[in-house]
Amino acid sequence: MGELSPVCLYLLLQGLLLCNTGAARNLNELKMECPHTIRLGQGLVVGSVELPSLPIQQVETLKLESSCNFDLHTSTAGQQSFTKWTWEIKGDLAENTQASSTSFQTKSSEVNLRGLCLIPTLVVETAARMRKTIACYDLSCNQTVCQPTVYLMGPIQTCITTKSCLLSLGDQRIQVNYEKTYCVSGQLVEGICFNPIHTMALSQPSHTYDIMTMMVRCFLVIKKVTSGDSMKIEKNFETLVQKNGCTANNFQGYYICLIGSSSEPLYVPALDDYRSAEVLSRMAFAPHGEDHDIEKNAVSAMRIAGKVTGKAPSTESSDTVQGIAFSGSPLYTSTGVLTSKDDPVYIWAPGIIMEGNHSICEKKTLPLTWTGFISLPGEIEKTTQCTVFCTLAGPGADCEAYSETGIFNISSPTCSINRVQRFRGSEQQIKFVCQRVDMDITVYCNGMKKVILTKTLVIGQCIYTFTSIFSLIPGVAHSLAVELCVPGLHGWATMLLLLTLCFGWVLIPTITMILLKILIAFAYLCSKYNTDSKFRILIEKVKREYQKTMGSMVCEVCQYECETAKELESHRKSCSIGSCPYCLNPSEATTSALQAHFKVCKLTSRFQENLRKSLTVYEPMQGCYRTLSLFRYRSRFFVGLVWCVLLVLELIVWAASAETQNLNAGWTDTAHGSGIIPMKTDLELDFSLPSSASYTYRRQLQNPANEQEKIPFHLQLSKQVIHAEIQHLGHWMDATFNLKTAFHCYGSCEKYAYPWQTAGCFIEKDYEYETGWGCNPPDCPGVGTGCTACGVYLDKLKSVGKVFKIVSLRYTRKVCIQLGTEQTCKTVDSNDCLITTSVKVCLIGTISKFQPSDTLLFLGPLQQGGLIFKQWCTTTCQFGDPGDIMSTPTGMKCPELNGSFRKKCAFATTPVCQFDGNTISGYKRMIATKDSFQSFNVTEPHISTSALEWIDPDSSLRDHINVIVSRDLSFQDLSETPCQIDLATASIDGAWGSGVGFNLVCTVSLTECSAFLTSIKACDAAMCYGSTTANLVRGQNTIHIVGKGGHSGSKFMCCHDTKCSSTGLVAAAPHLDRVTGYNQADSDKIFDDGAPECGMSCWFKKSGEWILGVLNGNWMVVAVLVVLLILSILLFTLCCPRRPSYRKEHKP
């Protein structure tokens, strides 16, 4: 077989690529949204997908097939007889005959179709119990093509058993994807988890529940009873539209509807359920459905042939069905059932919109499927905070976030969130990767800012590596690792301290010996350099003296400059006879020959060496060199002294390096007690405080006249709370803009079944009676007849967010002061003060980005934050404005579709409508320019009918605070505080070290007074590592203190000023293989009590506590350290034996 040419190979490759592209286009996604917690009795889950159009000739061979692992119900897979009802132009019309109502005819025939949504009785009702899934499809057809819509309904338990599978219809493949949302049991609407509870509107006031607009999918079920009119569904529609006298509509059945993505079945009609009545009324108004066409046909045209009638079934002697014949883009369902027959007669009418007007009596049909919308009350699921933790993995970190009730929002500026998620019960977990650990990892999850300290990850890796290396003694290795793996200078100080303790007796003489050798070599070089320099200076002096007395020292023959007189005399004798003055070898008596010889002669320095030897010989054994050479670095006294001094200095450095950096917000490690301020003048504080930060100020106010009189002063400012009086404007809706052309060839403009006439928001313009030949298709040659109807309407409405308008704003902080025994609290507003006889605390002003009349838009839960709109239309809204389509409790508010229609004509073509107004919804415009709007985050929101309160977690707002304490205090009365505080340590959890933190539980007893505002600290013997403000009441109080810091020997106690609990508790060691993030909002605390910083005595106390902690801890560690110390001393003794005493050396 010959080789293929390059052209053939290229064509073959192109063919394969085209085949793959075609296969990809035939794959469609059907998404099934499931809550992530599945319980019994939660009904059915439903989904649908619109497939591409297919030729009408293929419909009769269509078969819905499945490769899914769930059990499909076979009731919809069987063949069912349909009356195919079509229209066409009469064949006997002469050429150029003007179109009229008699130009068209209909035909009826019987066909068998499989897989359509003909659901028998009790199939849906028993699907959940029998674990059966229902798959079917519906058809929307014109004369040439049909567009299928596939529906899938199944028990909600399939969300557990199935993740993905394939369905097929003809040559189209349908990828069914079961996606678990972050909702526990609700449905995802507007980005929030909504549980529709229809009974809430009947039993609770309106401000206690929310109302959402949800999609409804309904399927016709035939149920025939032998007597009565209870199942004659058409009679319910006729009663609803107040139509009387219709007696021939005997079809019996009902609609079974599913609300949203999952629900219990809803029966329509049902007298005891107002949801059923709402759906029934919407069916009566929009008999073909409220979802008019697929999105890709948003701008399309149709040509209406006119009203037609036909026979169903085809064997009927007279017409039993009527409708409107059209050509162009398919709209509504083309399948239905005749209402006049007792036994169901199914009709498939491609290119005909069947009659659905319930205000007439005859020739009506009901659609097999109906899609619409309904507003329902319900409750929004409560959200919980996320827990985020990370582990080191390669150059980055692997992180995981989980929440008990689902994660509705997660993002990170430093990590890649890939949404790989899993569920365990009601928990949702998401894994992601952070590429960099050179900076702290920040994650926003469920409205909270989480920060993972990456230095603690590195510490954990250090502990793991150290323990792995010394795995033979893991207990000792881990205990040493948690001491050594400390970041910064503190860690290096710990390492040096342990090295000095264990190996100092070997390292000190070794390092001293090396340093001495280096110093001796340096001293020798310096002395040698000084000797050579002096010799060169001597030679220069000799040369200058000779030149002054005798003249030039340049040889007249070889022109060489000599340095001594003997050298010049030798040149004069030898150079003139052609001999070298240095080596005495013969040469030419010329300048060039002699100079060339001097370059290779090895004895040119002979006269300088003779002069050097005549001088005193250098003896490098005096002064510094001799002292260094005789230094006894192996002396036990020297080594022991240096060892002790180094241990003391390193302990001081270790304790001093443990202090943290001073920060504006957050805890700063201080010693016990609080600061003292002599009240010589008024005490004034003036500062700016971030909105998310609380502030604690504590001092002892001292009487300048009597230093023994001190008054405890405590000031507590809580976080800023934003109070907004709001007006609930409703729910903002998104919609698809539709532009339709409906052309009618003959007659005047009649109100045919145009799709926009049942839409909630539409405008229409009719161009009646064509006046020129240039605006008619070939088969409509008439002039002065016909109609072009242009319609613009909004379809596929979807609720996207809640909207609130700010009526008024207040910024408040709760201020509490304790001055001696006097305690006062007040919630202070902007430009307001808390005033007592001695203290004045004012909130002077607030820098804010919110203003009254601003509009707040929430596209999800309140905790997710929102957007601020300065301009929001409320009265006259145009399509495309913010707030253009609103769903309110009083109904839908439609925008003005501003613009003008234009009819585009061309000779012998159908007219097409054009619209020159805006075609993009306000929501889509907002999403395209979302970054241009101000955003805000929300923490701890509280909402009611007319008020919204929250805390700003980003510190984007700031308050100006002014505090004045008068110097005219009654020290005699206030300094004598009868309150007695006793402290006891109850429990502790967490770990010591700055990265992890601990939680200390204290029991604080207050006696002798009813209430007392103060701060309780978590301290060890030397320093304090955390504090909390507590308003103590008489009796026992349980106080939780969160702190960070300490060391392995820290016994954390509960302290008040200088008084501490009698016992302390030791926290766990920091096992930092996984580091959990902390809430940034929880750490936004500014604490200032003026306590002194840790000094020399504090350092020694801290070091001593650490040493005692090591000794009282893992005894194996102490044993290993002592053994290493003994071994180093023995090694020192062997390498540096004791020198014999002087007397023994000179003993006679």
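Heads up, the Cβ atoms here are built off N, Cα and C, so glycines get one too.
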Tyr560 vs Cys1136, same side of the membrane according to Swiss-Prot: yes
Candidate cysteine (Cys462, Cys502) that Swiss-Prot pairs with Cys485 in a disulfide: Cys462
Whichever of Cys877, Cys894 is disulfide-bonded to Cys873 when Swiss-Prot is consulted: Cys877
Record Swiss-Prot, residue Cys34, disulfide partner from Cys141, Cys146, Cys159, Cys165: Cys159
Disulfide-linked residue for Cys434, taking Swiss-Prot as the record, within Cys415, Cys445: Cys415
Of the residues Asn409, Asn898, the one that Swiss-Prot lists under N-linked glycosylation site: Asn409
Where Swiss-Prot places region 'Binding to the ribonucleoprotein' among the ranges 221-233, 338-350, 1131-1143: 1131-1143
Residue, out of the disulfide-bonded residues Cys159, Cys790, whose Cβ gathers the largest set of other Cβ atoms within 10 Å: Cys790
Set of same-chain residues at least 6 away whose C-beta sits under 8 angstroms from Cys136 (disulfide bond): Leu64, Thr76, Gly115, Leu116, Cys117, Leu118, Ile119, Val150, Tyr151
DSSP three-state assignment for Cys159 (disulfide bond): helix
Winner by Cβ contact number (other Cβ atoms within 10 Å) across the disulfide-bonded residues Cys445, Cys894: Cys445
Rounded Cα-Cα span from Cys399 (disulfide bond) to Cys445 (disulfide bond), Å: 13
Secondary structure composition of the region 'Binding to the ribonucleoprotein' (598-615) [DSSP: H/G/I, E/B, coil]: 11 helix, 0 strand, 7 coil
Cβ-based isolation winner (fewest other Cβ atoms within 10 Å) among the disulfide-bonded residues Cys218, Cys390, Cys745, Cys833, Cys913: Cys833
Length of the line joining the Cα atoms of Cys761 (disulfide bond) and Cys790 (disulfide bond), in Å: 14
Secondary structure tally of the zinc finger (555-575) (DSSP, helix then strand then coil): 11 helix, 1 strand, 9 coil
